[in-house]
Each structure stands twice: as C-alpha cells, then as structure tokens.
Amino acid sequence: MANFFIRRPIFAWVLAIILMMAGALAILQLPVAQYPTIAPPAVSVSANYPGADAQTVQDTVTQVIEQNMNGIDNLMYMSSTSDSAGSVTITLTFQSGTDPDIAQVQVQNKLQLATPLLPQEVQQQGISVEKSSSSYLMVAGFVSDNPGTTQDDISDYVASNVKDTLSRLNGVGDVQLFGAQYAMRIWLDADLLNKYKLTPVDVINQLKVQNDQIAAGQLGGTPALPGQQLNASIIAQTRFKNPEEFGKVTLRVNSDGSVVRLKDVARVELGGENYNVIARINGKPAAGLGIKLATGANALDTAKAIKAKLAELQPFFPQGMKVLYPYDTTPFVQLSIHEVVKTLFEAIMLVFLVMYLFLQNMRATLIPTIAVPVVLLGTFAILAAFGYSINTLTMFGMVLAIGLLVDDAIVVVENVERVMMEDKLPPKEATEKSMSQIQGALVGIAMVLSAVFIPMAFFGGSTGAIYRQFSITIVSAMALSVLVALILTPALCATLLKPVSAEHHENKGGFFGWFNTTFDHSVNHYTNSVGKILGSTGRYLLIYALIVAGMVVLFLRLPSSFLPEEDQGVFLTMIQLPAGATQERTQKVLDQVTDYYLKNEKANVESVFTVNGFSFSGQAQNAGMAFVSLKPWEERNGDENSAEAVIHRAKMELGKIRDGFVIPFNMPAIVELGTATGFDFELIDQAGLGHDALTQARNQLLGMAAQHPASLVSVRPNGLEDTAQFKLEVDQEKAQALGVSLSDINQTISTALGGTYVNDFIDRGRVKKLYVQADAKFRMLPEDVDKLYVRSANGEMVPFSAFTTSHWVYGSPRLERYNGLPSMEIQGEAAPGTSSGDAMALMENLASKLPAGIGYDWTGMSYQERLSGNQAPALVAISFVVVFLCLAALYESWSIPVSVMLVVPLGIVGVLLAATLFNQKNDVYFMVGLLTTIGLSAKNAILIVEFAKDLMEKEGKGVVEATLMAVRMRLRPILMTSLAFILGVLPLAISNGAGSGAQNAVGIGVMGGMVSATLLAIFFVPVFFVVIRRCFKG
C-alpha cells in the first residue's frame, strides 16, 4: 500500500485534505461540554400534600407510589424523601445507557396506576415527573435597587414572568423557585368565627361557590330558530381579582337581613403562596431560580440559552430589578476546556521542537508535523460519527494522542533518513526500502495500542462512560495515525526529503554539532553497556524481579479515589440548627455566614446567595444553604486562594458558631453525580425495626466514625433531626355523641393549622391560588388548638377541648427511603492524607458492627466509585491478555510476545512512583494513564524486537549480534518518540487553574511511566529478547 502512494503523492494529499475537511465541519457542529453524559439517567417524581407531616406523607403518598414502581426496565436504585412541608420526591436512577425518555414514559405509566390511590388533595396539587440531574447547573438570582420592593414582589414577578419561560428552554430539566408567587391569603380570626357561629368549613364552602367561573353558554347558540339575528356569549359569574372582592364574600344572611361577610371574620391580603423560604444575595432581599440540567443535555449550550433568554427579558423587568448569577458551574466548564485546548497547542509545539532537535532538518521535521492536524481533525470527524462531544475527556485523549500519532511519522522519517545515509539511495527508493522494513512494526504498534484501549470501551456504569471517551478518541487517532504513516508520510518523504550523506549529522556545527557528538558517544556507550548486560542476564533478571516486587508494593499502598477534586469557582455551605429552631434564628446564622465570606474572604468571594428554609438535607425552618461564588481564577493566584483553602478556613471559623452546624463543602468533580464531595452512604432498615431503631443505629455509626478523626471527617446525617411534635388525638365516640362530624373536625384542623387550597383567582391575567388558614396568633401555642370550634348537628358550637386530647411526641420532619425501605443518608469525607476508598472501607467495617437487621448501601458518586474499583483489576488484566494475543498473532509466536510484555511493569512502576511522589490517587484518570503506559512501553519494545527478529531471520545474525545491532539502530527513534510524548504531556502534568486536578492526574502518571519505561526498557528489552530466544528456540 505504501508503494502505491509513494508513486501517487497527489492521491495521498487528496485523501488527507478530505479527512481534514470532514474534521473541520465536525468541529463546527460538535457540542462542547465539561464531561459527556456520565451520570446514570434519573427520573424524579414530585408531589405535595399541603399540611401533612412527614409520616403522613410517607404512608399515604410515598409508599403508594413506590409500590407501583415495579417492573421498570434497567432501574438501578430508587430513593425518596418525605418532609413535614408536605412534599415528596422520589428519584429513580437507571443504568448508564438507558434512554431517559423511555425511562420517563415507563415511570409515568406506573404512576398512572398509583394516582387514583392517592389523597384527593395530592391529586388536586398535581404530580410532576421530570428527567433531570440531582444538582444545580446554575442559580439565577434577582434583586432590586428599589428600596420599596420586597422579596414577595420579586418572587412573584419571577414566578409569573420568568420561571415558565426558562422551563421551556431546550436542556432545562427542572426550575426550582427560591421564593413564592402571590396567592390570595384568607387569614381567619378564630374568635370572630366562634362569635358568629361559623367554622372554617363554612368559609371554604362559600368561597368554592362564590369564587367560581361559570360557563354560561350563548344567546342564539346553535341550533337556533329560523331568522335568529343575535349571537353573543353570556358572561355570568367570574372569579374574584382582588382582596376587596374577596372581603365581600357572603358567609351568612341572617333573618333580620344583616349579612356576615368574609372581611368580618378574616383578614384578606395578597400574600405569598408559602413563607417557607427567605432568599438573600449579599444580604439583600432576593428571589432565585435553581436550574437543573435535563438528563443528557449539554451544560454549556443550556447555560448560554438561559443567559440569552434572561438578557432578552431584562428590558421588561420592573424598574430597578436585575439578574445576577450567584452560582454558575459553566465558567469552570468553559475555562477547563480552554485550558485543555491551550495544552493541546503547547504539546504540538514541544513535540515539534523535539523532532527538530533529533532530525535537524526542517523538511524532515515538517513531515510528522503535517501528520498532526490531519490525524487530529480526522479524529474529530470520527467523534462526530459516534455522537460524542468536545469535552475534557476527549481533549485529554487528543493530548495523549499527539505523542502517539507523531511516533509513527517519526519512525518513518527517521528510518528513511537512515536508509538514505547508509545505502546512499535517493529519497523515493529509500522510502520504498524503508517502508518494507518498518511496515510490520507500524502495524504491530497500532494493534498493541488499540488492544490496550479497546477493552475500556466495554465497561459499564459511569466509569465505563469515562473510559469510552478515551478509548474511542485514542484508538481513532491511532488508526488514523497508522494510515497516515502508510499513505501520506511515505508520499511526503519521497517528494519533500533531499538526499543526505552519511556525515549529515557529523557536519553540523554549534549546538547541533555538540548534541550529535554527545549523542553518538552516548549510543556507543549504551551499546557497549547492553553487550555487557547480555553477558550477565541472571543478575538483571533479579533486578527486574525486585522492580516488579516494588511495583506491587507501591500499587497496594497507593490511595484510591474516583475522580480528583477541582476548584470549580463555586462551593456550597450547609447550615443546620437544632431541631425546632425557628426561621428567625436560622436567618441570624445565615447572616453571620454571609458576613464572614464578604469580609474575611473578600479577596476571593464574589457573592453569597443564601436560602433560609432549604437545604439538601431537607426543607425546614432550621435548615439553610449558602451558594458561594468565587472570583475568577486569574484573580485568585496561589494555593491559599483556591476553593479548597477557602473551604478549609471557613470550616475552622464557621465551626465556632454555637447556634448550629455550618458545613462548607466543595462540589464533586462531576456535578451530575451528586451535590458534595466525599462519600454518600445509605443506612437501611432491612428488617422493619422501626424509625427509632434506625435512628439509634445511625447515632451509633456516627459515634464510631467520630473515633477515627485521622480517617474520617465531616461525617454527618444528610437529613433533619427528630424534633418535638404536637400529637392531637380525637375521641371519635365523644365527637359522635356531641353530634360533631369527623370530616368537619379533620377539615377544621387542616385548614386552621395547615392551610387549605380552595381554588384560584385571576391576578393581572394570571391564574393564582387561594388559601384559607388561621391567622398567625391563633396557631402559635398548644392551647390555641382548644380555641377551634366545630358546629354540631343541632347548631351548637363545640370546642375542640370537648373531644380531643393532646401530648408531645418526637418525630422526624423528614423521612427517607432507599429501594423501598426506610433509610438514613450519611455523608462524609476522607481526612487529609486518607483516600476515599480507604474511608469507604472503614465505613463498611463500622456498619458491619451495627445491630442485626440494619444494612447499608452506597449511592451517587460513591456507588460509581465502588463499581469502578471492582472493574479496575479486570480492565488491566484484559488489556494485558489482548495485547499479548495481538503480539502473538503479529509475530506468529507465543514466546516473542513475552519479551515485549515483560517490559510493561517497568512503565507501571514509573506511573506509581510519580503518583506517590506528587500525592496522586488511584482514580479513573490514573487508570487511563496506566493503560497508556502499558501501550507505550510495549511500543518501545516492539521497535527493538521487530528489528532484531528481522536481522536474525533475513540476515542470519546470531541472537546477541542481532539484538546489539537492533538497539543501536532503534535507540534514536525510541528516544525521539519517547521524549516527544513526554514533552507532549508535560503541559498536563504542570497545569494549574481551572481543571488542573484532572489534567495533573492524567499527565503526572503518564509522564512518570514514560520516563521509567524509556530509561529502563532500553536496557531490559535486549535481556528479555535474548533470554526468551534462548529458552524457546524459534
């Protein structure tokens, strides 16, 4: 094939140009993201039961829905929360690769079976089914410079005019409002109701009748009488629009003609739909929209669309209102991609300089350089064909591929120059002869490197999704690299190169003259050293055994992890006050947190967005969350200004607040996989022991974890503590004896204390809700319940104290379930110096000491880490086996591949040493670096073994003579290609700033592995080849 293109160079150029054009078109169309879709697809079901406590919600809503979610394809696990705000969220997580649209449809179908079994109030509120990630893509905050504008005003405008618009954008999975839109609030006065012998039930019934929209028909509607000349719609009763109209609602007309109206027994106002949340941006009243990404959507495209839409809406905002982005994960995505692209160009420049150093011929250097854009652009075309995106992982693959793809072209050019010098042939003939010598080695190298990376593509879970990005990118680049080396590079050599003399390098002066002289002396010294080594192979095999033993020790001692942490420019702070703490107390702590960040960390913090009443641990008055946005990376130089350093200082200072727990934490490397770094542990009641037993087990586990501060830190329940609850018990026999309806009792309790949604009203053209509830002063104390009255069958007003008793109990404001069983989520982090894998192992060990019937499981990113840890050994083993089989097929020998494979531990030991010295961990990126090193180590060995084998078979050389000739001939291309690769990944290894954690994790390991593989392999490969050939003749 090479000879065909040597004779037809324009044909080769045409193919290369077509490939580059396809790649250029692909780049314009490929989406850009930080990561591909790595997190397993998830579908969430949300419902609301106004006024219900957590236990009631769990028993009447959560379990009913869960029990119908059976038989759904590819369901991995299911978790749910039920809280005392009456809300329930059930999240179903599916195996990677599941079509999220199909999953959503299946969940909706199952939900249809459960819906008729749910309370009427829940059905009336509506049940939503969304496919979205569990964490926020961004938070859009809205503040006003107008001092008269309240949070309710801002919230209502955002809810009415912005929220739905953003929800409809492509890529948006869910939009959560931090605030509430307006609602008509009827605040009942219990004393006045009793005075007029009215009940909340009377109020609700009259509102349903009088605040109603009637379809009244038409005058002259069809069928009409012959000759009818009039047709008009009839508008009869319509819904009310303002508090004045509601105040005039007639509750009762007395026999004397007097009228009791709603305003006589209640306060009517346009208030908030709920008062659960207080939002602030840098201490100013605000509203916020927490935007979650739809499953499979592109983060950058979605964020760009959101900002464009808000910019479009900005001119229509009320005077003084503006939008800010106090929490945005996308700048990190953009900058990290930019950093990798910059690294890509730096790698190309360094590789060019290495090639010019060794080749010292601009024409010769230009040939491998031309191969770089051809192969890289071609790889983009293949990524587009596979439906991939331009993301951190594919770009890492490109950076690794640069060193690999120029290798093939360098081998071709270097060998053509050598043949021209030694055989004094013109370029065309030299190229033909050269290609006949190295074509087998090129194919062998391609097979080996492909064999290393292809098994990665077949692994499951989120880890498999990461591996596939590298696998497809690198294998595509390798395949194209070999094709270019067999098609374009020979054609370029035959047309661009000029004949060179045998004294080509010796005639150079200056730096190149010194370099060539030094290198030639080194080659002679190296060849003599190899000759001596081959005379005492036993000693070196012993040294090799010690190296392998050291490799095993290093591997066992290397801490494990899933992905490295990153400074993403944002982080979160969770606030948890003691059970029963009020919203007012929580706000004071949030104000302290805001003051700390804006004053003590003003050099690093851009803004703080706080939400009172909301937390990832649940919605309650004693919970809060702060979204902290840091200043741009270029303004935060130095480790002391990194997100990790800011979080560490905040933990120390905010930990001194006595009124509650304040826990700052970093975002996970892949936001889709959770909300916090560290581990995510589910403690499960497997035997139906009950909430109290599960709580005791949780506290026991937390106590045991606290005894290991050297390994575990910030171990905490991701939930709300049990709190005092006021239990009201109705004596049904007494109630019936008094002629009181049980349904009236229930409706009165629900309305007065929890609030009842009645129906809707029209506010400025938008439908909003109408709520009835007792005014605040009538529901503050236990004795206020006794002031509630219901009317008996004979018209007498009966106080609740006549048929109820009450007492205090403890209960949870938030109940959790995992896979249909009661559970409690526990989060924590590995202590500095401890790997996440070791921390997880310790948690499992502690959990095994809990009482019988208490089980555990991992969820979120920890589930994926456990899965990846189990896959890693199999991945390395399969890669070893496949490489060996490919080499056996290439050499038609079972023994020669052994001499190649024996060199692999020499590269692995370098990866492990580098990782140990620079505090890297055994994570997914480490495994990619390890596999890359396996392939590259084998590549160097192939260059020597292939030549030695040919010299023995074609020229009849002895095994030692052939080996010495091979190492002498191949040392230059081995060092050149290895140095090119090492310098190609150097920018990754020394990177800092956005995305540097991942870049370092890849670069440091590969660089260390390549250094050791090169320095050790050039001495050990000859030993392995000679020993194997002697042991296995032929």
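Cβ coordinates come from backbone N, Cα and C, glycine included.
According to the topological domain annotation in Swiss-Prot, T365 and K428 sit on the same side of the membrane. As a whole-number mean, the pLDDT of the topological domain 'Cytoplasmic' (1-9) in this prediction is 71. When each of 392-413, 538-556, 898-917, 974-992, 1006-1028 is scored by its Cβ pairs under 8 Å to the transmembrane segment (340-359), the top-ranked stretch turns out to be 974-992. Sequence-distant residue pairs (6 or more apart) of the transmembrane segment (10-28) and the transmembrane segment (974-992) include fewer than 3 whose Cβ atoms are under 8 Å, leaving the two stretches without contact. Residue counts for the topological domain 'Cytoplasmic' (892-897) under DSSP, helix first, then strand, then coil, are 2 helix, 0 strand, 4 coil. For the transmembrane segment (872-891), the partner stretch with the highest count of Cβ pairs under 8 angstroms, out of 366-385, 474-496, 924-945, 1006-1028, is 924-945. Outside the topological domain 'Periplasmic' (386-391) by six or more residues, the chain places 27, 30-36, 298, 337, 380, 469, 472-473 with a CB less than 8 A from a CB of the stretch.
Counting same-chain residues at least six beyond the ends of the transmembrane segment (1006-1028), those with a Cβ under 8 angstroms from any Cβ of the stretch are 400, 526, 529-530, 533-534, 537, 540-541, 544, 547, 895-896, 898-900, 902-903, 906-915, 917, 929-930, 932-933, 936-937, 940-941, 944-945, 948, 959-960, 963-964, 966-967, 971, 974-975, 978-979, 981-982, 985-986, 988-989. Same-chain residues lying 6+ beyond the ends of the topological domain 'Periplasmic' (461-473) with a Cβ under 8 Å from its Cβ atoms: 35-40, 95-96, 379, 382-383, 386, 388, 391, 393-394, 396-398, 400-401, 453-454, 670, 673, 864, 867-868, 871, 875, 924, 927-928.
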